[in-house]
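Listed features, source TrEMBL:
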type	residues	note
DOMAIN	A:3-145	domain 'Aspartate/ornithine carbamoyltransferase carbamoyl-P binding'
BINDING	A:55, A:56, A:105, A:133, A:136, A:264, A:265	carbamoyl phosphate binding site
BINDING	A:83, A:166, A:223	L-aspartate binding site
DOMAIN	A:152-302	domain 'Aspartate/ornithine carbamoyltransferase Asp/Orn-binding'
């Protein structure tokens, strides 16, 4: 098993499949009355969050607690970090406290890579800047597999602000590793340069959502921050949602079996309309539940549990 | 004053002979009491001249001082360095440039020539007192807001025109600031993969294109700092063919390293302009040989440990380079000694109007020279650097060539590879 999960590129197909299979076993646990395994008893998992992200933090916290690990939540606000402590000094502190795993959310891309050089424990990337969010990709893949029965051969459109999206990068890497065909869709200003060369040569790019939809098994909508307007990535929220938002009319262009995903939090009315978000094709709530199972699987396997 | 006899030295790779230094000058005959230096196997070059050095004093003496930077320069084979203006306070008045100049004289290891800021506080709003700096004891001729681009085209035009009165030259840090907001590394495949905001090549090329036109329009001299892209080379090639009075420099690191190194997220590889692609490196090497790029300049940029031992986005850009410049250039150009002397000594001295440096090692010329052992190989160890900072990108890299001795006006500043003081 790998030691750290810093990037979805750390996962080859067998390892990723093992994590998804393990997540399935963890999900079965959620149906039981006692939702707890003794596996990580006595182990310490630190949630080191430099950004506010309640949903990701509580997902990791629930995952670690269901495995009986001791959980320490370390948030940058109101801590030594707000007093100017460096990441290195924080890392050495966690190291001295005997952290077996550090789950890190950080606004700077690559912070988990730096952290891994300073601690002996496993490092799990819970979102770093505009780089990656590999456990989100795992829970998304798990959701696709649960709904559609496979990942190999699926056609997946990832739509929106790919440039600033750590979710998109991790998904492209993981889904390609598992045999899906990914198409990135968005205005040219929000598609990063050389994306196929950077992530996976098979990745396609389209600027026309309508032409892409009829062929897709999965459409994943990304959150688009309205502030991007100020930087001229697009003219207005209205024009954005007219060209790239998923409404009922567009959803009807999808094949009947296709699902609609969103990593949350959503901008209802911007990239997705409420009717679509709340439709039976939407997996948005499922994704949250699957997040706990996928993160349990990651912690379990990284910390030496046997599948 | 001690006289020296360099026995069996090879001047610029020519057949070995004896070279005497008497009264600070190259001489054809050594007196009987001359100190003899066995220079067999060593190559003599005119002392190197660096048009782009950050000495950090005043303001960041924890990262470098004029003295430690001078020692680093001497150990790298330099006899003159030009200290960039982005100190604290900024070198934008006669007072600050004279202070730096005086500190250089006191250190006495290389000639430290201050560069003056183009604009007050490097703010890009208002011209600094360029004339006062020119007529100060520091005799400033090169002006630069390095670290910042003189982005306002009208201000750039005025600066180019104004310094004609005293044969000054504007050294432009070519970076269109609106195209590089938040930029962390070269914009391309690697920045996309790493999720780091891109610094597009066009942000450099657009400013160079604009400024060669401005320099042509007003008939002024222009120097371009740290050229880093293949596209910039093409803009310069066309401008030079038209007769624009533009010169350009490239750093050793842009001749050797690529943006792939950022994949470690280790900020020791973070620099501005950023490391580019292998294709850019190839174009820069060819341009240096051809002369489209006139000189090598180090952009020696020392930083305190805490400014590099952190997240990539929070780290300061820059690399130390004085002690590794000649070995890197040797590894890139090979033992083309005359070309190396041209690009690292004669031409930089000529661009700066610096007399007494970059001259041939001929009888009667000032004895500013360095002796290199081209057969030596050295593994770069950051802890051995004389610079106060350790941010070298070459840690653990084996580089050819060892600087054995450096003489400044006939006085050794380095002997046996060690600084004399």
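Here the Cβ of each residue, glycine as well, is placed from N, Cα and C on the backbone.
Fair warning: this is a prediction, and the values are worked out from it, not measured in the lab.
Of all the binding-site residues listed here (A:56, A:136), it is A:56 whose C-beta has the fewest other C-beta atoms within 10 angstroms. Neighbour list (residue A:223 (L-aspartate binding site), Cβ cut-off 8 Å, at least 6 residues apart, same chain): A:160, A:161, A:165, A:262, A:263, A:264, A:265, A:266, A:267, A:271.
Checked against residue A:166 (L-aspartate binding site), the binding-site residues A:55, A:56, A:133, A:136 differ in C-alpha distance, with A:133 being the nearest.
Here the binding-site residues are A:56, A:105, A:136, A:223, and none sits under 8 angstroms from chain B, going by CB atoms. Ranking the binding-site residues A:264, A:265 by how many Cβ atoms sit within 10 Å of each one's Cβ puts A:264 at the top. Pairwise Cα distances among A:55, A:56, A:105, A:133, A:136, A:264, A:265, the recorded carbamoyl phosphate-binding residues, top out at 16 Å. Excluding A:55, A:56, A:105, A:133, A:136, A:264, A:265, which define the carbamoyl phosphate site, the same chain contributes A:53, A:59, A:126, A:127, A:167, A:263 within 8 Å (Cβ to the Cβ centroid), listed in sequence order.
Each residue of the domain 'Aspartate/ornithine carbamoyltransferase carbamoyl-P binding' (A:3-145) gets a DSSP state, and the totals for helix, strand and coil are 66 helix, 27 strand, 50 coil. Ranked by how many other Cβ atoms sit within 10 Å of their Cβ, the binding-site residues A:55, A:105 place A:55 at the bottom.
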